[in-house]
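What Swiss-Prot annotates here:
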TRANSMEM  9-29  transmembrane segment
TRANSMEM  80-102  transmembrane segment
TRANSMEM  112-132  transmembrane segment
TRANSMEM  133-153  transmembrane segment
TRANSMEM  176-196  transmembrane segment
TRANSMEM  204-224  transmembrane segment
TRANSMEM  259-279  transmembrane segment
TRANSMEM  290-310  transmembrane segment
TRANSMEM  312-332  transmembrane segment
TRANSMEM  342-362  transmembrane segment
TRANSMEM  377-397  transmembrane segment
TRANSMEM  402-422  transmembrane segment
Amino acid sequence: MSKRWALPLLLGIFLLAYLLPLGSHGLWIPDETRYAQISQEMLLSGNWVSPHFMNLRYFEKPAAGYWMIAIGQAVFGQNLFGVRFASALSTGLSVLLCFLIARRLWNEPRKSFVCALLYMSFVIVAGQAGYANLDPQFTFWVNLSLVALWFALDSRANGQRLAGWAVLGLACGMGFMTKGFLAWLLPVLIALPWMLWQKRWKELLLYGPVAIAVAIIVSLPWALAVHGQEPDYWRFFFWHEHIRRFAGDDAQHDAPWWFYLPLLVAFSLPWVGMLPVAFKQAWQTRRETGIAFLGLWLLMPLLFFSLSNGKLPTYILPCLLPLALLLGHALADRLRLEQGRALGLNGLLNLLLGLVTLIGLVYVQLKRPLYDHELHSLVLVFIALTGWIISNLLQAFRPLQCWAAPAVGSLLLIALLPAALPRSVVANKMPDQFVLAHQKELTATTHLLSNDLGAASALSWRVKRPQVALYNTIGELKYGLAYPDGIQQRVDPDQVQQWMREARKTGSVGVVMRVKGQDELDELDRLPKDGVRYEQGNLVIMILPQEAS
């Protein structure tokens, strides 16, 4: 692989595998509809300081991540592509960082390309590139901070060191405004032990304040602005989103300490078979400064999140770039030495996984069909699985010539699978598609009501109206609903009939209900029976006309 073609080829893969599929499927609940609506509300209201979710205060995250999604909607339109563009761009920039740091570490064009290709073909990374949430953005800022740190440490000229530390501060500041204080902590977890081990603590004391100053300069204007607009923001954000989430006895998403170990293996698909070789080589060369840095980058965040009480799978996304570098380093060396055994085993492992999945799908489809007269979706699934199987068959039997084949299978799978989901999944997990089918009628109504936050946010985003009355549902909007100007948006079951009478005096009402059991059936039964009604999966849309006065 020549220097000339590496980046254009990666760009082409980015366009085909990351950007092209962005508009092929609806918004997943709860994350995608939430982030789409919050960022859209910034555009509609002009309030870019304090995040609001369906017109209610929502202080679980800072503002910068919403800014990026809002900019995507402003540039490309308030559509699926616009909502997801920030995630795709952030992931693409992380791929570029992987290429650049690999080139700095080893100065081998093919190795740089291999590392970047492995990173962008990780199933979880490619999946996140087409998923509208804050994790791809936060991962990019963490990646940028640590790549900048390595460039600073590896530079001999004072000007280059200063620039590296300044970029580190910029990344920490933006990461902080995207997801919070972890953006400051994670680089420290790597930089401090590495600098002490290398006996370069004087350099840390000299240049560290530069990074701190830049981070403060970047984040302080917004931090002061949000405090001036919402004095309770920092109390809620610090204690609820940091202390309770990671250290509290009632921490969210509690899981055992080993939770991330199998996840790290799964996240390395389709390159799991290369892990033993990569880890063995990393251990043998652990005294090399670059390998030691990558080892700290991989292990320290993994250790921190493993010891915290609250755990979510996406917390360890910042660990994947150093993992890709270690894997790519080992894979490129195997190619140079013409040692294809590990690559062949990797292809064989993926081949077996694909065959088992295909056989399982055929069995389920014959016994209890997932797809009900959905030939188009079923064909897409079989194309995706067949692509995975063929690509890994090639690597299994021609490992040195077809070493990159699993990347093709992985990217094809992630590109096609969301568009190939059964109608039952789309109806229940992507309510914006049902709303889209009746968007004209819902947009024409005066008032909106929903008993489900995911459906409500999908409705709000599709009709471009933040004000949705929440019928017997609170969830993550508990904080916002507690404010005097928010409580009026809440409608309890014993109030809904009175609310409906008052609303229909001034205009028509659009209702989106999720009906999963008897409780929701009772909620539905309290609503008027006239008007137009549509059903799909467990969703019900009602258009209730204005009552004559």
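A Cβ is built for glycine as well, from the same backbone N, Cα and C atoms used for every other residue.
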For the transmembrane segment (204-224), sequence-distant contacts whose Cβ falls under 8 Å of one of its Cβ atoms, 6 or more beyond its ends: 49, 62-64, 152, 161-162, 165-166, 168-170, 172-174, 176-177, 184, 191-192, 195, 234
Long-range neighbours of the transmembrane segment (342-362), counting only residues six or more past its ends (CB under 8 A): 269-274, 276-277, 330-331, 334, 370, 381-382, 385-386, 388-389, 392-397, 399-400, 402-403, 405-406, 409
The transmembrane segment (80-102) vs the transmembrane segment (133-153): 3 or more CB pairs under 8 Å: yes
CB contact flag for the transmembrane segment (133-153) and the transmembrane segment (402-422), at least three pairs under 8 A: no
Proximity verdict for the transmembrane segment (312-332) and the transmembrane segment (9-29), three or more C-beta pairs under 8 Å: no
Stretch-level contact, the transmembrane segment (112-132) and the transmembrane segment (9-29), CB cutoff 8 A, at least 3 pairs: yes
Selection from 9-29, 259-279, 290-310, 402-422, the stretch that has most Cβ pairs under 8 A to the transmembrane segment (176-196): 290-310
